[in-house]
Amino acid sequence: MAGTSMRYFEARGLTVNYDRVRAIADVNLAFDEGQVASLIGANGAGKSTTLRAITGLVPLAGGEVWFDGARIDQLPAPRRVEIGVAMVPEGRRVFPQMSVRDNLLMGAYARKDRGAIASDLERILVRFPRLKERLRQGAGTLSGGEQEMLVIGRALMSKPRLLLLDEPSLGLAPLVVRDIARLIIEVNRDEGMSIVLVEQNSRMALRVSQYGYVLETGRVALEGPSDNLLNDPKVKELYLGG
Amino acid sequence: MEQILVNGAILSANYALIALGITLIFGIMNVLNFAHGQMFMIGGLIVYTVCVVFKLPYAVGLLAAAVIVGLIGMLLERTLFQRVMRISSREENTMLLAVGTALLLENIALYVFGEKQRGIPPMVSGVYRLGSAFLPANRLLVFAISLALIAAVLLFVNFTRQGRAMRALAQDRTATMLMGVDVNRISMLGFGLGAALAGIAGGLLISVSGVNAGIGTAISTKAFIMIMIGGAGVIGGALLGAVALGFAEAIGYALFPGSVTYLLIFTALILFLLIRPQGIMGKPWG
Ligand SMILES: Nc1ncnc2c1ncn2[C@@H]1O[C@H](COP(=O)(O)OP(=O)(O)OP(=O)(O)O)[C@@H](O)[C@H]1O
Ligand SMILES: [Mg+2]
């Protein structure tokens, strides 16, 4: 791509099939370092599939993923974690029979700088005091909000440069959703971390992010600065409840 | 009475190695390893070969049993189980595959070693007295080695990075992949470790009661009984099942003629499963 300047993250023409049924087609995403980009859309629009394609959980039928100047879509999934792409999956997926501490340590599995893990654990527990109180407890016994904190903390333990969050607000009470939103803003601000936020809670996602994408049946139907999308009549009607 | 306790403890420790091995494989891969008893048997016959045929020290034999059976497990996992799990979504297929590998291993062993019961001379001689109970030094050594290995496995699984990854993989494959774990590699390691434990258990038991090429199915059956009692895929359950079976056997053999013991154990097991099908520590779901 000589001549054109490349963005920090670019997904170009992402296409994914499940058993020959197309889930997403020609999805293009691009944002700069330290940005929060949101991905909104209805059930089955292809939001999770887009994230899975970026992390390598599903194979691409077409397209490329570029991160910090390197093409990553041909790397095996574990390598992508090593170079700093972490994902918090839909439905949280803590390791329920493991302690909170072991869940967090699993997050650091792929790190090369093992000496720094202990101090990072301390640092993360300062951000999540609730987890610190429950360090020895089984993760399956935590409340939904605590589990969401745990999986975000677990992802942070990998020291990511790009954090992908799949519906962190799913099934949480409004007050807890506010905590999560504040957390995302803080992580982005304090660590300068780039974030892709997938949400059905479109209002929250567009408030937290600087740039937004609207997916419809596997394609990007609309994109733009989040403030513009928040005021877009079509977005308002379809995704923000009128 | 004291003799029963001593015998029960020694059996329990040996059985715990078997139960831990089959539990690791079941927990991580969701494969019920029908070939576990055959791996045990091969471990015993390797020790026989190294110690009796090649006249090398017992420690070498035990190490060879662990390494060779472990490698056999890894090879089976990589070439057979991983592939079948990838291309088939029905769980019974891996079960049938495991039955097939059991038959394969048994027939290879029959071909190589013949049908004869094989034993090795005790590594240490002498008998201790514990109250009214007799404790041969050789059995005490087997017991000590078993306990040390159980402790080592528990430390590994609970406190090391790879052990943690094995536990994670047993709970959520996708989430484990998202941690940057090469899940195929960890599966292979887990299968290898489970197999190695079976091999070591066989290598220990051959110095106590001998091993023959046809013993596998009986051992697998014991392994299944233990995880049925304790709860499949739960490490604590495996240990509990081993203690329950070890002592049931020791008590049974002291009180009843030989074959009655297992008749009673099976009857009790079935009644128990009617009440608690998931085992003592197992989860009723999933
Ligand atoms: N494992 C799968 N096998 C087959 N089809 C799938 C699979 N996962 C998703 N799909 C299909 O792919 C399409 C996109 O699904 P995806 O999960 O990416 O949507 P989503 O936007 O994340 O939806 P939601 O908001 O419900 O999480 C849907 O039509 C869905 O039915
Ligand atoms: Mg989704």
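For all residues, glycine too, the Cβ spot is worked out from N, Cα and C.
Residues or ranges marked as transmembrane segment by TrEMBL: B:12-32 (among others). Residues 39-40, 73, 77, 81, 85, 91, 94-95, 98, 142-143, 146-147, 149-150, 153, 157, 166-167, 169-170, 186-187, 190-191, 193-198, 200-201, 204-205, 208, 219, 222-224, 226-227, 230, 232-235, 237-239, 241-243, 245-247 of the same chain sit 6 or more residues outside the transmembrane segment (B:12-32) yet have a Cβ under 8 Å from a Cβ within it.
Outside the transmembrane segment (B:39-56) by six or more residues, the chain places 18, 21, 33, 62, 64-66, 68-69, 72-73, 105-106, 109, 112-113, 118-120, 195, 198-203, 205-207, 210-216, 219 with a CB less than 8 A from a CB of the stretch. Summarising the annotation, TrEMBL assigns transmembrane segment to B:39-56 (among others).
According to TrEMBL, the transmembrane segment annotation covers B:93-113 (among others).
The annotation transmembrane segment is assigned in TrEMBL to B:133-157 (among others).
Remote same-chain residues near the transmembrane segment (B:186-211) are listed as 10, 14-15, 17-18, 20-25, 27-29, 31, 33, 36-37, 39-48, 58, 61-62, 65-74, 76-78, 81-82, 117-120, 122-123, 138-139, 142, 145-146, 149, 153, 162, 165-166, 169, 176, 219 (criterion: CB distance under 8 Å, separation of at least six residues from the stretch ends). The feature transmembrane segment is assigned by TrEMBL to B:186-211 (among others).
The transmembrane segment annotation in TrEMBL covers B:223-247 (among others).
According to TrEMBL, the feature transmembrane segment maps to B:254-275 (among others).
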Residues sitting near the transmembrane segment (B:93-113): Cβ under 8 Å, six or more positions beyond its termini, same chain? 29-35, 37-39, 41-42, 45, 48-49, 72, 76, 80-81, 84-85, 213-214, 216-217, 220
Residue numbers, six or more beyond the limits of the transmembrane segment (B:254-275), whose CB comes under 8 Å of its CB atoms: 3-4, 7, 225, 228-229, 245, 248
